[in-house]
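Here is the structure we will look at.
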Amino acid sequence: MRGLGALLLSHNCLSELPEALGALPALTFLTVTHNRLQTLPPALGALSTLQRLDLSQNLLDTLPPEIGGLGSLLELNLASNRLQSLPASLAGLRSLRLLVLHSNLLASVPADLARLPLLTRLDLRDNQLRDLPPELLDAPFVRLQGNPLGEASPDAPSSPVAALIPEMPRLFLTSDLDSFPVTPRGCSVTLACGIRLQFPAGATATPITIRYRLLLPEPGLVPLGPHDALLSHVLELQPHGVAFQQDVGLWLLFTPPRARRCREVVVRTRNDNSWGDLETYLEEEAPQRLWAHCQVPHFSWFLVVSRPVSNACLVPPEGTLLCSSGHPGVKVIFPPGATEEPRRVSMQVVRMAGRELQALLGEPEAAVSPLLCLSQSGPPSFLRPVTVQLPLPSGITGLSLDRSRLHLLYWAPPAATWDDITAQVVLELTHLYARFQVTHFSWYWLWYTTKNCVGGLARKAWERLRLHRVNLIALQRRRDPEQVLLQCLPRNKVDATLRRLLERYRGPEPSDTVEMFEGEEFFAAFERGIDVDADRPDCVEGRICFVFYSHLKNVKEVYVTTTLDREAQAVRGQVSFYRGAVPVQVPEEAEAARQRKGADALWMATLPIKLPRLRGSEGPRRGAGLSLAPLNLGDAETGFLTQSNLLSVAGRLGLDWPAVALHLGVSYREVQRIRHEFRDDLDEQIRHMLFSWAERQAGQPGAVGLLVQALEQSDRQDVAEEVRTVLELGRRKYQDGIRRTGLAPKDAALPGSSAPQPPEPAQA
């Protein structure tokens, strides 16, 4: 195969490569990742035209000296092997620009690597390097995190590097802290939510205070592509935009998605009013918990996303080849002269199961190729046609197909439909592939079907690829029926979730299965005499707002009330779920019921809610008989809780109040005294404990944070979240009032606010 330019051997079980590999004179791209290679043939060094070599995720412990003969090599990836040393001949790779050696067992590296004239990045993270040549230690393009630099070696009692790298301070933040100091000495920080940061020595020239907060994802803040899935909440780190002198390490914890084939996890960040993906590495903490690790030059907003594997390259004027690492046969060929200036291009490939397509079309022989998305930077069109190769639809070969049934479809966002461009291009067919030429990039899809109007069917099939089948649940706490748990769950998680919840909750069966898109908004409306009992930031005219993310919990706990007479009889109400954001004009219940009918109905499900009949002294007694002085617990920085708020908290605690009291610092003797004094009235026990503690805390900073922490330690996360939402709502109202009265300019930073929210990003 003398003309072979690219050879893709990834994701196999190869333990060795043949010597004949060196007899491919035109080979420019070779990838053998995720195999079992233990050695490399010396003939590999004869590939004089090779430009990109990827041998990551193998079992290599040595490299042949002949590898130094790859004079044209631009990129070499040897990550995640077992290399303990490197041959000195690597210094002969004079064209090398990128050398990736992270996650090996290297104890040293040749000093001559620092003299490679074109090297722009040397990744040595997560090795066993205790010493390093000064030329590399000071080089700005070298990444060294995760190495025991400066630590004493078992064979060497001391190291000269130890004097240069002092021990790094470590900080562990509790849940009541949202900021921490960083000095030029550097530090390692673990936030209460589990996120880790590492500031290397010299990252900042002067002491600086870092602030952080976790934000609930919202469509206006979270940028997702059509086939992306959100895996984390949004982390905001401040101050924004301040460049560090060395990159800061960031580890974000997430639960891995079930479907991981041909998908990858990346950290996404906001930079200069646009979102981009950072180079991300995964580290396993436990079988179901992973770290997404990246290096960041400055702070902004960060989140973890699962997306189809993206392959990218820089297209020079001389032309190049771009191949898909997860889908053999998908590639793009750029001829010489396709562009005057280098431009970056990327591809993503998505598969569709044949059974789903056949069920959608009602046609057993229908088939499609992988869906190809191509994007680029720079001018919208290329100067010369670019050749795209797609595999023929599954089960179809070039020898047996009926050309009249083959359709090439094209979609350019934000258009609503797919266009059939079969008649506008020349389709070159081989036994396995179809090739065609384009001058600009978008989405391409090959269909094989007897249907004529394929564009509309393609839109439905593409929507099916992105839909998640979910169920909605509404459960009431057994000890407090006024506490309602609402949750939207992927269908495969419903049974396990219910088994865990039904010890503390009761309620109806889950709703019928409905379909939702990632990031789709919906809301819950309580009806037939039931209403929300508290003012919440996520509540609009009594409607609770949700955004569905398939890998997040999508759960909210709500306290409800009724204006009906519960002493006469139980109140039988319901909660209904509707698609979209809460409308400006919220319809009455009768109107909402009529809107459930029709093809475009927004209604998804209705589940019953029952508030049992109150008997005698069981009636609502929140605040009954209390004659307390007005009370504001907290401060302007963290927010205030009023007497009414504390009464609401007291009404939620029930039999958990002694545990909360002890975590608040109330003595066991005092708890016993309250129990005895109000032995016939549980509500009075709770109120007396809570208000006595609050009066002692009056005027002291941090009291509200102490209450939230005590609730969490007592396993009452639901009440803690309720307190947080009240505080956030109060802070917003306070800031709005200050701005309305003209006491502060609109862009001023007010107590409790850290930075303005980013503008809504462009639709993906």
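Heads up, residue numbers simply count up from 1 along the chain you see.
Yeah, the Cβs are placed from backbone N, Cα and C, and that goes for glycine too.
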Region 'Disordered' range according to TrEMBL, out of 144-170, 711-737, 738-764: 738-764
Those active-site residues listed as His298, His440, and which of them has the most Cβ atoms within 10 Å of its own Cβ: His298
Protein Cβ atoms within 10 Å of Ser300 (active site), excluding its own: 19
Between His298 (active site) and Ser442 (active site), the C-alpha gap once rounded to whole angstrom: 32
Cβ neighbour count within 10 Å of Ser442 (active site): 16
For the domain 'ZU5' (309-450), the mean pLDDT of the predicted model: 89
Nearest-integer angstrom distance between the alpha carbons (Cα) of Ser442 (active site) and Ser300 (active site): 30
